[in-house]
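J.: As annotated in Swiss-Prot:
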BINDING   G9, L10, S11, G12, G13, V14, D15, S16, M35, G124  ATP binding site
ACT_SITE  C100  active site, nucleophile
DISULFID  C100-C196  disulfide bond
SITE      H125  site 'Interaction with tRNA'
ACT_SITE  C196  active site, cysteine persulfide intermediate
SITE      Q341  site 'Interaction with tRNA'
Amino acid sequence: MNKPKVVVGLSGGVDSSVAALRLQQQGYPTSGLFMKNWVDFADESECTVAQDREDAQAVTSLLGISFHEANFAMEYWDRVFHYFLEEYRLGRTPNPDILCNREIKFKTFLDHALALGNTLIATGHYARIDQKEGRYRLLKGRDKNKDQSYFLYTLGQKQLSHTLFPLGELEKPQVRRIAIQARLPNHSKKDSTGICFIGERRFKEFLSRYLPAQPGEMRTPDKEWIGQHDGLMYYTLGQRRGLGIGGRKNSNGAPWFVVGKNLPQNTLYVAQGRHHPWLKSLILEANQLHWVAGHPPPLPYSCTAKIRYRQTDQHCTLTAIANGYIKVIFNAPQYAATPGQAIVFYQDDECLGGGTITTTDALGIQS
C-alpha cells in the first residue's frame, strides 16, 4: 500500500532536517518546504533567513527530495505580529510562538501543502499524535525536557489528522546523533531560541521600533519611589535582569524582581527577593479557550496545567465561567502567573487544550 505524500516544514535546523530524513527512511514520498515569514529591511545584518534557506536546501539536496519555498510574510504580519504588538501595547506578555503555530505552521502552511497535492505535513516538533476512541490526541513528546506540546495546544482534529511528528518518540541527543551519522550539513547547528520566525534579537531595541515607549514610575509595593522604568511593555512578572536598580543604598542586598504592574497609572512595582507574596497566585482566569478534542471536558474537572514552558505539571481544578472564560484553581500557589501567557491543560501525557491568562488573584496585577 502506497504511503501518502508528505511535505516537511524545513527551518534549516537540525530537528526539521532529521524529521525529513526519518520520513524518507520510512517510505513516505517526502518533499521539503522552507517558509519565509519575516521581512526586516532595517536589520539585514542580523537576518539569518538566507543561511537558514541555504541549510534547508542543502539537506533536501543530500536526501534527494524536492525543495519548495513559500513567502507567508503578509499572513504572519496580519495574524501573528499585529497581535503580538497589541498585547505588548496593553502591558501584557504574549507568546507569539503559540499563535505562529496556529496561524502559520498549521493553517497557512497546511492549506498550502494540501493545495500542492500533499496529504500530510510534518514538522520537527517534539510531540506525539495518536488515535483513541475515534479521535486524535495530542501527547507530550518522549523527551520531557524538549516536549513542545505546550506550544501546540491550539491544534484541532483537522490539523492533527494531517500532521506527523517524526521526532515525537526521540530524545534530543538521539536526534543530534542521527544528524551526525547521516552527515546532514547542518548537524552541528545550534538550536534557535528567538521569537518564532523573527529570530534572536535585542528584544528591547526591536520592540521600540514598533511601539513608542512610555516611561513611568518604578515603586515598591509600599509605594516607595525607586526610579523610572522605560515602559511597562519591556517588563514581565518575575523578571530580574535589566531593571537598572542594583546596588541601591538601604537595600538588603537581595536581587530585585518585577512583582506587579499598574497599567492605568503606568507604574512598575519591584521588590527584593524572588518569593514576594505579590508573585504568588492560587486562582486565575483564562479566555480564548481551545480544546484539542473540539469540546471541553465536563466541568468541574481535575487535571494538571502549565503556565509556562517546561514548568512541572501543576494540579488544579477547572470550573466554568460565562462568556468564554474559565476559572483555574491550583492546589498550590503559582509563581508569576502572567496575563497574556498561555495556560495549557493536561491529563497525564495528553494535552487537552488551553487558553490565555487574563487575570489572577496575585496582588500585583492591576489592569
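Glycine is no exception: its Cβ is also placed from the backbone N, Cα and C atoms.
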J.: Using DSSP reduced to three states, classify C100 (active site, nucleophile) as helix, strand or coil.
T.: helix
J.: Can you tell me whether DSSP puts D15 (ATP binding site) in helix, strand or coil?
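T.: Its secondary structure by DSSP: helix.
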J.: Where D15 (ATP binding site) and C100 (active site, nucleophile) are concerned, what is their Cα separation in Å, rounded?
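T.: About 18 Å separate the Cα atoms of these two residues.
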J.: Q341 (site 'Interaction with tRNA'): which of the recorded positions G9, S11, G13, H125 is the nearest Cα neighbour?
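T.: The answer is H125.
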J.: Could you check the recorded positions M35, C100 and say which one's CB has the most other CB atoms within 10 Å?
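T.: Counting Cβ neighbours within 10 Å, the top one is M35.
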J.: Between the Cα atoms of S11 (ATP binding site) and C100 (active site, nucleophile), find the distance and write it as a whole number of Å.
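T.: Spelling it out, the Cα of S11 (ATP binding site) and the Cα of C100 (active site, nucleophile) are 14 Å apart.
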J.: If you skip the near sequence neighbours and keep only those at least six away, which residues in the chain come within under 8 angstroms of G13 (ATP binding site), Cβ to Cβ?
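T.: Listed in sequence order: D52, D55, G124, N186, K189, D191, S192.
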J.: What span in Å does the ATP site cover, taken as the longest CA to CA distance among G9, L10, S11, G12, G13, V14, D15, S16, M35, G124?
T.: 16
J.: At a 10 Å cut-off from the C-beta of G9 (ATP binding site), count the other C-beta atoms across all protein chains.
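T.: Total other Cβ atoms inside 10 Å, all chains included: 24.
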J.: Inside 10 Å of the Cβ of S11 (ATP binding site), count up the other Cβ atoms and send me the figure.
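T.: Excluding its own Cβ, S11 (ATP binding site) sees 21 Cβ atoms within 10 Å.
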J.: CA-CA, which of the recorded positions G9, M35, C100 lies nearest H125 (site 'Interaction with tRNA')?
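T.: In terms of Cα distance, H125 (site 'Interaction with tRNA') lies closest to G9.
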